[in-house]
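**Student:** This is the structure I have questions about; it appears just below.
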Amino acid sequence: MANRGPAYGLSREVQQKIEKQYDADLEQILIQWITTQCRKDVGRPQPGRENFQNWLKDGTVLCELINGLYPEGQAPVKKIQASTMAFKQMEQISQFLQAAERYGINTTDIFQTVDLWEGKNMACVQRTLMNLGGLAVARDDGLFSGDPNWFPKKSKENPRYFSDNQLQEGKNVIGLQMGTNRGASQAGMTGYGMPRQIL
């Protein structure tokens, strides 16, 4: 963000809205998980959005994180090296994003490289890391480190199987959208305009 001037008007309002979505409590949970999950010592940043961004900005921590979710020798990011060059840092971030997508994160849940590198949308970075953690817990392959309660529980598939007889019986049931054949009916009523028969 050093090369960008201040935002004004609508751009400023949009940026402020995005910045309000950032969760400081979630930041602490993510830092705790990342330091636990990484096999190497990746350090620990001071609290704050900018410190969190600077910690993740060069991509080495993210690459160590995604490698920690795979067994030894099957790491998706082979070469991790700290660099001060902008393009090297962005390349490592994009390697993490590609590996996260292969791991199973939806493309719509993944942040853009500039969201992290320029600090444009750190809330989106948090959401991606939360989805990654939740998916790692749901996989239950023994490679997740940390407390599973840090992440929302993913729903599991619960298929229903019906026999042919059950499916055939279902065709005989009148759906409630069609009305019902029980309860009040017009049985015993006289037609319109006819006199009532009182006996």
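Cβ atoms here come from the backbone N, Cα and C positions, even for glycine.
OK, Swiss-Prot features for this one:
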- A2: N-acetylalanine (MOD_RES)
- S11: phosphoserine (MOD_RES)
- K17: N6-acetyllysine (MOD_RES)
- K20: N6-acetyllysine (MOD_RES)
- 24-136: domain 'Calponin-homology (CH)' (DOMAIN)
- S163: phosphoserine (MOD_RES)
- K171: SUMO2 cross-link (CROSSLNK)
- 174-199: repeat 'Calponin-like' (REPEAT)
- T180: phosphothreonine (MOD_RES)
- R182: omega-N-methylarginine (MOD_RES)
- R196: omega-N-methylarginine (MOD_RES)
**Student:** Could you tell me how many residues in the domain 'Calponin-homology (CH)' (24-136) are helical, how many are strand and how many are coil under DSSP?
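**Tutor:** Looking at the domain 'Calponin-homology (CH)' (24-136) with DSSP, the answer is 72 helix, 0 strand, 41 coil.
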**Student:** Let's check the environment of R196 (omega-N-methylarginine): how many other CB atoms sit within 10 Å of its CB?
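**Tutor:** Around the Cβ of R196 (omega-N-methylarginine), 5 other Cβ atoms lie within 10 Å.
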**Student:** Specify the nearest of the modified residues S11, S163, R182, R196 to K20 (N6-acetyllysine), where nearness means the distance between Cα atoms.
**Tutor:** S11
**Student:** Tell me the Cα distance separating S11 (phosphoserine) from K17 (N6-acetyllysine), rounded to the nearest angstrom.
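**Tutor:** Between the alpha carbons of K17 (N6-acetyllysine) and S11 (phosphoserine) there are 10 Å.
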**Student:** Give the helix, strand or coil assignment DSSP yields for R196 (omega-N-methylarginine).
**Tutor:** coil
**Student:** Tell me the Cα distance separating the residue listed as 'SUMO2 cross-link' from S11 (phosphoserine), rounded to the nearest angstrom.
**Tutor:** 57
**Student:** In angstrom units, rounded to an integer, how far apart are the Cα atoms of S163 (phosphoserine) and the residue listed as 'SUMO2 cross-link'?
**Tutor:** 13
